[in-house]
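Now, the feature entries from TrEMBL:
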DNA_BIND  B:29-68  DNA-binding region
BINDING   B:GLY103, B:ILE104, B:GLY105, B:ASN106, B:LEU107, B:GLY108  NAD(+) binding site
DOMAIN    B:92-193  domain 'CoA-binding'
Protein chains: 2
Amino acid sequence: MTRASSRRPGPPTRTERGIPEATVARLPVYLRALTALSDSGIATASSEDLATAAGVNSAKLRKDLSYLGSYGTRGVGYDVEYLRYQIAREIGVTQDWAVVIVGIGNLGHALANYSGFGTRGFRIVALLDADPKLVGERIGDMEVRDFAELEHIVETDRVSIGVITTPAGPAQEVCDRLVAAGVTSILNFAPVVLSVPDGVDIRKVDLSIELQILAYHEQRKSGEVALPQVPELPATNALTPDLPAVGGGVIA
Amino acid sequence: MTRASSRRPGPPTRTERGIPEATVARLPVYLRALTALSDSGIATASSEDLATAAGVNSAKLRKDLSYLGSYGTRGVGYDVEYLRYQIAREIGVTQDWAVVIVGIGNLGHALANYSGFGTRGFRIVALLDADPKLVGERIGDMEVRDFAELEHIVETDRVSIGVITTPAGPAQEVCDRLVAAGVTSILNFAPVVLSVPDGVDIRKVDLSIELQILAYHEQRKSGEVALPQVPELPATNALTPDLPAVGGGVIA
DNA sequence: AGGAGCTTGTGAACGTGAGAACAAAATCGG
DNA sequence: CCGATTTTGTTCTCACGTTCACAAGCTCCT
Ligand SMILES: NC(=O)c1ccc[n+]([C@@H]2O[C@H](COP(=O)([O-])OP(=O)(O)OC[C@H]3O[C@@H](n4cnc5c(N)ncnc54)[C@H](O)[C@@H]3O)[C@@H](O)[C@H]2O)c1
Ligand SMILES: NC(=O)c1ccc[n+]([C@@H]2O[C@H](COP(=O)([O-])OP(=O)(O)OC[C@H]3O[C@@H](n4cnc5c(N)ncnc54)[C@H](O)[C@@H]3O)[C@@H](O)[C@H]2O)c1
C-alpha cells in the first residue's frame, strides 16, 4: 500500500498490464485448447466452447481473457486463430526461449527425448551433466556436454531458462551456478526447496507431493470417519518415543 | 449458504476436520522438511526453523499446523519426530498406497526407475502398456504387463492411484478404463484435460505449462515496456488473416 | 516462587480468486 | 430499419488464502 496511487477495493489489482497469477497459469491451457480447435478446423468459438475444451467455467474464462483486452465479438464469440496469437504473444511464446537441462539421468533423458518442447516456443540448446561417463553421449540430435561449459553456453546462446534434473543433493549448488551464469528462470524437479535471489523465478514439479495430495483425499474417501488412532502426546518434549517409521523422505 | 448451519465470517470453513486445500498441498513439503531435520539429528524445531526449511513464512506454517491440532509446545517449538508422524498420518502415508503406471515410454521408464516412490508411502504394483513389443520388458525388479490386465490387477492389489504417461491421444480412453476398473485418484502427465466422474480426484503435471508460465515472467523482465506490436484486429470475424504461426500445440 | 523471555495458536484485517448475473454490443431475419 | 437473439465484457458478492499482531502458555533462571 506504499504506492499504486489511490487504490480503492477495485478489480484484483492488475498492476499496469499485470495479469493475475491465477490467470497466467491458465493462459497456456487456453492456448492449447485453441490449438486443438484450430486443428479441428474450427474458426470461431464461444466462451462456452472454449471453457469446455479447457476444463474451466465460462465466466472465469471470459474474465481471464478480458485482462488481455477485448478480443471477442459479442453475439459471435472468438476468432480462434486471432485469439491464439494474442495469447501466445502475451505469454511470450511467439519468440523462442533457449533452455538448458542439467542432470541427464532418468528424468533428464526423458525430457531430452521429448519432442513437445522443441515443437513450440522452447529450444533446448544444451544437455549438461557432471558425470564424465555421460559426457559425449548422443540423445536424439544432441550431445551431453560437461556442466563446466554452462557459463559459456548461457552467454553464447542467451539462455534464460534452466531445468534442474539432478538429485536433491547438488540441486542448490547447480541452481546457484545457473543464476550466477545469468539464468533468470528455473524449473526444478529435485525434491528440495531452492533459494534464489530476487528477480529469479522458480517453479517446481514434484511427483511425490502430487501423489501425497492424492493420498490425502483417497484416505478420506475410504476411511471417512475411521482415522487411524492417535498415539498419546509425548509427556513433555521428551526425546522422541517409538513412533512407527514414516516417510516423505528427503530422497523422495 | 444453503447449509452449514449459521456461518458467520468465521474461520476459512474447515468443514468437519476438512483441511483447506492450500494447506493440504503444503503438508507434504513440511513432511519432507521434518524428515531432513530429523536426518540431521535435530529433535526440536521452532515454527521459524521449519518455515525456513520449507520455504514459507512462519505464520502460514503455524496456521497450517493448527488445522491438524495443537502439536507444538509454546516457548519450545515442535518435536520433530512427533510432528512428522502426525502429518504423515493426516496425509495418509503411514499406510502404503498401490499405484499403477500406464504408458511405459520415455517418461514411464523414468518413473519406473525412480526409487523415490517405493521408499515411502507408495508402492508401484504394475507397469502397463498397450504396445506388445514392450510387454515383458524388465525394468528394475518389475516387468511391463499388458494393459488388458488392468482390471485384474486393480482388483487384486486394491489399486487406488493410477498414473497416466501415455500420449495425449489415448489418455482419456485410458483414464476411463482406470476409473471403470475402480481407480479413484489419477495423476496425469499427458497434455490434455481429462474428464472424470464425481468422486474421482485428478491432478496433472504439465511441463509445457510450467515453462510457459516462466516464459511469461521472463518476457516481462526483459522487454518490460517494449511488447511486440499488436497486429490490427480482423475487420469482422473474417476468415483468419495471416498471423505468424505460434505454439502451445496439442502435442506439447 | 515469581518474573523474564520465547514461541505457539488464533483472531482480525487484508488481498486475491471464483462465480452469478446482467447491460452492452453485435448479428440476423423480416 | 427494428426487434429478437446471442454472447461478450464487467460488476458485484462471497469464499478462500495470507499476513499481522498479540494473548496464552511453557521453560528457565534467579
Ligand atoms: N526419475 C523420476 O521419475 C523422478 C521422479 C520424481 C522426481 N525425480 C527427481 O528428479 C531428479 C532426477 O531424477 P533421476 O531419476 O533422473 O536421477 P538420476 O540419478 O538418474 O540422474 C541424476 C543426474 O544428475 C547428474 N548430476 C549429479 N550431480 C550433478 C551436478 N552437480 N551437476 C550436474 N549434473 C549432476 C548425475 O550425473 C545424473 O546423471 C532427482 O532429484 C529426483 O528426485 C525423478
Ligand atoms: N517425455 C517427457 O519428457 C515428457 C514431458 C512432458 C510431457 N510428456 C507427456 O507424457 C506423456 C508420455 O510421454 P513419453 O515421452 O513417455 O511418450 P512415449 O511415446 O515415449 O510413451 C508413451 C507410451 O504409451 C504407450 N501407450 C500408447 N497408447 C496406449 C494405450 N492406449 N494404453 C496403454 N499404453 C499406451 C505407448 O506404447 C508408449 O510406450 C505424453 O503425453 C507426453 O506429452 C512427456
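Glycine is no exception: its Cβ is also placed from the backbone N, Cα and C atoms.
In TrEMBL, annotation is done automatically, which means it is predicted and not curated.
Quick caveat, the model's predicted, so the values are computed rather than measured.
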Exercise. So for B:LEU107 (NAD(+) binding site), how many other CB atoms are inside 10 Å of its CB?
Worked result: 25
Problem set entry | Taken over the domain 'CoA-binding' (B:92-193), the model's mean pLDDT | 96
Problem set entry | Near chain A - the binding-site residues B:GLY103, B:ILE104, B:ASN106, B:LEU107, filtered by Cβ distance under 8 Å | B:ASN106, B:LEU107
Exercise. Which numbers of helix, strand and coil residues does DSSP report for the domain 'CoA-binding' (B:92-193)?
Worked result: 38 helix, 29 strand, 35 coil
Exercise. Among the binding-site residues listed here, B:GLY103, B:GLY105, B:GLY108, whose Cβ has the fewest other Cβ atoms inside 10 Å?
Worked result: B:GLY105
